[in-house]
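Over in TrEMBL, the protein carries these features:
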type	residues	note
TRANSMEM	C:20-41	transmembrane segment
TRANSMEM	C:61-82	transmembrane segment
TRANSMEM	C:94-117	transmembrane segment
TRANSMEM	C:129-153	transmembrane segment
TRANSMEM	C:184-207	transmembrane segment
TRANSMEM	C:219-238	transmembrane segment
TRANSMEM	C:316-341	transmembrane segment
TRANSMEM	C:353-376	transmembrane segment
TRANSMEM	C:404-423	transmembrane segment
């Protein structure tokens, strides 16, 4: 295993972590806003306060970790992606800021300023849309070199069906992941009403997720033949992912072990995400940038990997403690204990 | 001398200040209720 | 948009983001230590007031830290978005502390979540205080690591340039560059100082607005004492910074002090204005610049005459230097007089005027932080990486920076106003007198 592969695997893992925890967060915000519209707000407000408020900063760090790490391991990405992503990334930052401030301001502020809750909910849908554009761009065909510097062709980007397929996938995946998790969480909290509602949402969003995922495959076949062929070489991984998907849906339909159901869902996305990344290799940006020609020097790579291992040794016990207190502690989840400052 | 002031002394002052701050914080006799 | 415009707007947007972020970042670094001190004193003395003080500060901290996190994310991304050429180079040499900073912040965020949601959950208060230690360490460590990156921009080392290629890269040498110790220590210690004086301003304000509760008096005395300690430390470390500058970045020192000619027995110029290259109305302290630069009244100090015209930073940084130093000295004196006054039971320090001065000290301290950072950043011009890369070569070529500037201005306005509104509302609705009463009423039930 080369340093390049280790580096990109570390980053991809963190991006996957962000995908899951942020989806839960974004989706919950959207469902909350939606239930405000339909007058069922109290059902989700509780879950958001008890689970999302303590951990949103941790969620945010997964993203920061990814974009700082990618500059560290692959400095050339700053030149290509930094220049071209100014607009979508800036929009994502602003939307993230709205969400972050919501958690802080609403914890003590007046209960439920409606407009703010809507913005918070909608921001959760626009962020994945803005961020997923990066994946589209990485497939190539949207960046041209003008006078030696990269520039993004917005017209081509927004008229490409691939772009929209990925945007729709990101949205439905966010809602699907979130709904499955919240079904489990509400069930643990003993909140039957919320469980049923979230289970319904989960089943609604399951289908669009799988359809758009398949649609992207079809799009890639014409857009990026090389990537498509690489994916077909490991078709069995996507098949496995699909089986895990079926397992999740089956458990939801049968109203059985929601915890396992969420576990299968994480497995489904894990397999698909890594298979996609594996097939994307070695390109970071078709056709300009590979992990090999953009890689940092050896001294820095080794220093970063050592720092990463040392950091993990510190983080994993801490994360475990956090989850034990806010996710696996029955009294806390059921709202029996409130020890907020 | 100059090297010491540029490279080491700043951290010594910083750590000393933190220790002194904790110590000073304890000494609140002047504002305690009798 | 031509690239000159992109450079200009990139500079404005970065300056705006940093100027806004630094307020919340400074509070975010300093306040955890203040909470720790208060809670520690409370436990040591078994004094409920200090514990409640720590708790209420922690509540306010939630708001400021949130804004700090989101603006920090913004500046983190903007570095790559607005300065891609710089980040490409920097990524090769100085990525390690950036990476470590995310870990430090990760650590802080996890324990902050735990700390905030576990009040009264432990029989033994000391265990709860233990949870705060990683928060305080993480907060200060974030400042240390990110300041190391800034120090590297001032004194890059740890690599060689051979035919335009970076070779012999040593990430640790890059981190431990000559600018690092003075810069890191100064940033951290002034964050503690500013946090103390901002909290002191709040306590003084409550006392002015009619509350005469001993709680506020304890809070004021505590914060002013701690502020005094850190402001003295800040002055000492500031003096070391002068020695660093004289040795490694003489053009920055010379520009900040309006030191035009290389000479011995150099005087220090304070205040004054520049009129057609002539300094007017300034106070000249004989030998002081030589002492600041070399600890020796007769030492030679390099002046601006030693540098080509296009490598000299803008001379207006002298005013920023004046602002920073004046406020620093003023706050040291103010807190010293307050401390003496309380010990000696002078009536003067309980007067309205004196309390208003303390209230004013909060915003003044923040202004000093801003002036200090503007001085540090403008003083490095025209370089983004001193001696290696100029600012105009580092910027993006994207044509949308001006639009982004408008968007971010709007965002910071909302965040700034929002955080102030929420903070005042939070404490106004739940005054400390009320909370102390409630706690006494429910004390029996609280233990279960």
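Note that the numbers count up from 1, one per residue, in the order the chain is shown.
Glycine is treated like the rest: Cβ placed from N, Cα and C.
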Contact call for the transmembrane segment (C:353-376) against the transmembrane segment (C:94-117), three or more Cβ pairs under 8 Å: no
Contact between the transmembrane segment (C:129-153) and the transmembrane segment (C:316-341) (at least 3 Cβ pairs under 8 Å, separation 6+): no
Beyond the flanks of the transmembrane segment (C:184-207) by at least 6 residues, Cβ under 8 Å: 25-27, 29-31, 33-34, 57, 140, 143-144, 147-148, 151, 213, 216-217, 219-220, 223-224, 226-227, 230-231, 233-234, 237-238, 240-241, 331, 335, 355-356, 358-366, 368-369, 372, 432
Distal contacts, the transmembrane segment (C:316-341) - CB-CB under 8 A, six or more residues away: 193, 197, 200, 224-225, 227-228, 231-232, 234-235, 238, 255-258, 269-272, 274, 348-349, 354, 357-358, 361, 364-365, 367-368, 371-372, 374-375, 378-379
Among C:20-41, C:219-238, C:404-423, stretch most in contact with the transmembrane segment (C:61-82) (C-beta, under 8 angstroms): C:20-41
